[in-house]
Amino acid sequence: MKDDSPVSSSLVALVVAHEATETLSDVLVAVQAQTMKPGATYVIDCSPASDTEIAGLIGRIAPKAHRISAPRAKNISQALNQAFADKDAALNTYAWAWVLHSDSIPEPDCLNALWANADRSRTIGAVGPKQMCSDGSHIIECGIQATSTARRADGILRGEIDQGQYDSTSDVLGIGTAGMLVSTVAWNAVGGLDTALGPFGEGLDFSRRLHLAGYRVVVAPKAKVRHLRTSYIPPALLALSENTEESLDDQPATASDDASVLDLFNQPASIPTRVPHDMSFGQRRFAQLYNWAKGVRAFTLPFLALWLAFWSPARAFGRLVTGRSELFWPELRAWLRLIAITPHLLLARHRAARSRIVPVKVLRELYASSRQVRDSARRRRQAIGQDKDEDQLVTTSRAQYRSRSRAAFATIMFVAIALSVAFWWGRTSSVSGGAWRTLPSSWSDLWDAAWASWIPGGDGMAGPNDPLLIPFALITWPFSFAGIEPTTVIGIIAMFTGPLACLSAWRLTGRLTQSIAVRALGSLAWAFLPSLSLAASQGRIGPALFHVLLPLAVDQWFRVVIAPEPLRIAGAQGTVELARSERTGALARFALTSAFLVAALPSMLLAVLFALSVAAATRRLPWVRALLALLPSLALVTPLYAFALTSPGGWRALLDASGGTFASTSAPSWFTVLGLGSVASSILEMSIWVAPSAFLIIGGVACSFAVMTTSKLGAHRRNRVVPLIVFTSALILASTPFASRLDAGLSGATTTTIWTGTYFSLGAVGMLVAIALSSSHAKTWDAKAPFWLKLVAFIGTIGIVAGGALPAFTHIRALGTDGDLTQTQRLTSDHVVANPNAIAAVSKQAQMSETAGRVLVLDADATFFLIDANVWRANGPSFTDSTALTRAIAYHEATAGAPSDAATADLQTLVLTLVSYPDASTVQAIGEHGIDSILVRSDSAQVQQFVQALASAPDTERVGETDAGYLWRIRPQGRTPARVTLNANGTVASLDSGLLDARGTVENTGTNATVQLAERAHSGWKATVNGTELTPQLASNGWAQAFSGVTDGELQVWHQSWWQLPWMIASLVTLGFAFLAGIPWRKRRS
């Protein structure tokens, strides 16, 4: 066909360009190479007026082309509208306009194929080409399929080859403007493109308006345009792009050239560096919202606005919690931009209505359904997961690997569970001894205590409770609906800490190595480390949970900073590396698990800060996200840090593990380095006990030495950090003997030391990581290991299993002697023992009643010189009796020679008077401490002296000898002591009370009535009657909190500090957000 033919002279090519690029040159060359050349070529120059690069490029490449200057055009819509705005210009004399983007290169026969379709009917308003990837090998668009809400439903799969499967496509809902051939009559009939859109969404909007104006919109499958889609990612960054599946999947696809949510997969996939995720999402999301709002009926537009006011922030929040936080602000900005452009939207709707000549219902048949959107998304996901033409050897080997992994995992879990059951055999009921402490009997009391600014132990103390109560409250919450007490739940968890530790280590090693043997041995060694078995034996639930959660936190940290170790399989064509699929939310899960770790060991906050700083400094993690990941840990322990750093001697509480404690005999230093924090029965048993530790430490050091001396290992990129990890871990382990000699606090009259098991776990996990990383160099997972390595693994297995079996055997052997222990021996035992009757049943009833009565437990040495008096608010020693902070402060005061506070001194004096010269005033004063009953252990050295003294004490009722010991109830003036009492009209009445607050109705108060608490006086105590605040004052006993000005009405008493509510909100928000964001909503392939 000649250039001056009537057909070609009615066509004009319009190329929109914003800058002079090599691609623009290719476009101009391709236009001139068309088999049917357009009558003229116009380049719409959108660059600044002072920029002459495009003009120079036109002069060199296409001298006959005309240039239209549009320096103020911000998008393709504005550029084309400005070009057609001059009705007298030569451009408007052409019947058809061929629109090309500066990144869309037409194939030589493209215009000819477009015209062949356009010439078939006078009702055709626009024809679109088949859009191909940059090298022309894959299809990316053949018309636009979308729902009425402008969501795309394209069925084209990732990397789909053009085999003519779409050549029958004709009438479609929409086409993209890249390569579009449009009738100028139709263009003017609908008013051109909407200038609010572009480079995304303008094609769909324009096509819909053409339909409503009575025109057809068709696709010419034979016409092909290679579209680079630089609107998704700028050219400078496109070269860095590796994979945008994660960012583009399931997105609103409304762009003219927004061909498929997986379009960018058609770019080269071998580029190693990451780029910012989905840089065009905000524009595409705005285009979808704008098209949605523009296409709905007028009466539904206000409802849509209300819906988007809810849905857009909710979607933005959903981006955060599904591991796609980079889309949070673009999601919000798209909605806010829609609000800002509302006047333009309303005007555009009016103009569209004026050009409409057919009813809107004609679009219904062209719209895709929501089911089609879901189906197309599902097909794309399935296509992504399919391996094409996979080697049969690879398939078989991978199946063998999975089978052997499952068998190995089942074996080690069976061993761990069996030894755990044996370890806890006979101790499944209520226990005591060691550092075991009970939790509040009800979940509501546990929840209140976790967030309280008052420590409800003894006579109480102002300050934050043990931070470990917060994870306990969250963990036990689901079980509260079944009526299971928190202590029971934690006891069951303690029973299975061994198997849980094995599971967490298996998960960590699975990320770092493909060796099944290393994973199995490392997981067993971790489950049987003495830092865990000794902590479980002694009832140190905080350190035990720390040991269980530590590998999970390390695993999530590695998920943030490095890709998982691939599975290497020997295939027919050589070694094949299979990437492992992952789930999103690793950083959030790290934030959540690290918060629990910090609750168990406050000083762990520094390690968490260090880990996040390393990730940020190595550019694996943005600093903002690193700070966000630190917030849960920081929020959880902020009050503890504030009190510890401002209280004399409080710093010791930051170094010690949370939870209960007791004074144990420290083991020799070299055993402490191996994780055995206290002495076992013999050197032989201690040596067997530390066998798993020796395996990890020797293995880690050996791996480090091998990496430094073997070029094959040292060449592996991941192995280079092994010596640094081992060195850091060795420093931590070497510090444990010194830490074990550091006094931590005062528990009763006994000084306790820092529990070093948590620090050993921290060092040991580094050794485990070093071993796993060093074993990742193997060519294939089933490569044969040398004989000497098999021998070492065999010996290691025997030592590890022996180290795990010894604690279980020791506990089984102790069952017989434990049954003969007295109550005092059960409470002071160096290991947990069954003890269902720490206090009598009547005392339990008093504690759980509305008076919240307490138990005074008395004991004395053989000389009756030292009397030990403990006030219990629960069934034995409780988590809320003391914290690491209160013990540290008590130790400082004792070593400094500070006098006891008024409440402690008062109780000590009363106890001495009670056992020497008891009288009614003494009993009444003891009742002011909220004490309902007095318990004397049957095995106490001075039991007869206590019995004689209490028998002569007035206002006491002897209950008798119970399983817990000899019990008396005190009834001063015939009334029941209570935590909160009302003093009115010369009488004292008990008021209803809970663990921390009190509320109820007071009547007949008369004048000068007061309310008194069996709690230390503190400015944080508040009381109101019918909302009127009462006047706080010091009680007459000189230590208790009281309030005056009481009148008839509803009384409420509570303790509150200014920091309590902000701390609770900050902690719950950060923990809740980390939990939601940590749910593995989406799978991503490495």
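Glycine is treated like the rest: Cβ placed from N, Cα and C.
Please treat TrEMBL annotations as automatic predictions, because they have not gone through curation.
What TrEMBL records for this protein:
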TRANSMEM  289-312  transmembrane segment
TRANSMEM  407-426  transmembrane segment
TRANSMEM  489-509  transmembrane segment
TRANSMEM  516-536  transmembrane segment
TRANSMEM  590-612  transmembrane segment
TRANSMEM  624-644  transmembrane segment
TRANSMEM  686-709  transmembrane segment
TRANSMEM  721-740  transmembrane segment
TRANSMEM  752-775  transmembrane segment
TRANSMEM  787-809  transmembrane segment
TRANSMEM  1061-1081  transmembrane segment
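Within the chain, the transmembrane segment (686-709) has long-range Cβ neighbours (under 8 A, six or more residues past its boundaries) at 521-522, 524-526, 528-531, 533-534, 667, 671, 674-676, 679-680, 719-720, 722-723, 725-727, 729-730, 733, 760, 764, 766-768, 770-771, 773-775, 796, 799-800, 802-804, 806-807. When Cβ distances are compared across the two stretches, the transmembrane segment (752-775) makes contact with the transmembrane segment (590-612), since 3 or more pairs at least 6 residues apart fall below 8 angstroms. The transmembrane segment (590-612) is not in contact with the transmembrane segment (289-312), judged by fewer than 3 CB-CB distances under 8 Å for residue pairs 6 or more apart in sequence. Long-range Cβ contacts of the transmembrane segment (289-312) within its own chain (Cβ-Cβ under 8 Å, at least 6 residues beyond either end) map to 148-150, 194, 196-197, 201, 204-205, 208, 252, 254, 331-332, 334-335, 338, 341, 345, 348-349, 352, 360.
Put simply, of 407-426, 489-509, 516-536, 624-644, 787-809, the stretch with the most CB pairs closer than 8 A to the transmembrane segment (1061-1081) is 624-644. For the transmembrane segment (489-509), same-chain residues at least 6 beyond its ends with a Cβ under 8 Å from one of its own Cβ atoms are 409, 412-413, 416-417, 419-421, 423-424, 428, 431, 439, 472, 475-476, 479, 518-520, 522-529, 532-533, 536, 539, 541, 544-545, 547-552, 554-555, 558, 765, 768-769, 772, 804. Looking at which of 407-426, 516-536, 624-644 has the most CB pairs under 8 Å to the transmembrane segment (787-809), the answer is the stretch 516-536. Distant neighbours of the transmembrane segment (407-426): 494-499, 501-503, 506, 516-517, 519-520, 523-524, 527-528, 533, 536-537, 801, 804-805, 807-809, 811-812, 815, 818, 834; these residues of the same chain sit at least 6 beyond its ends, with a Cβ under 8 Å from one of its Cβ atoms.
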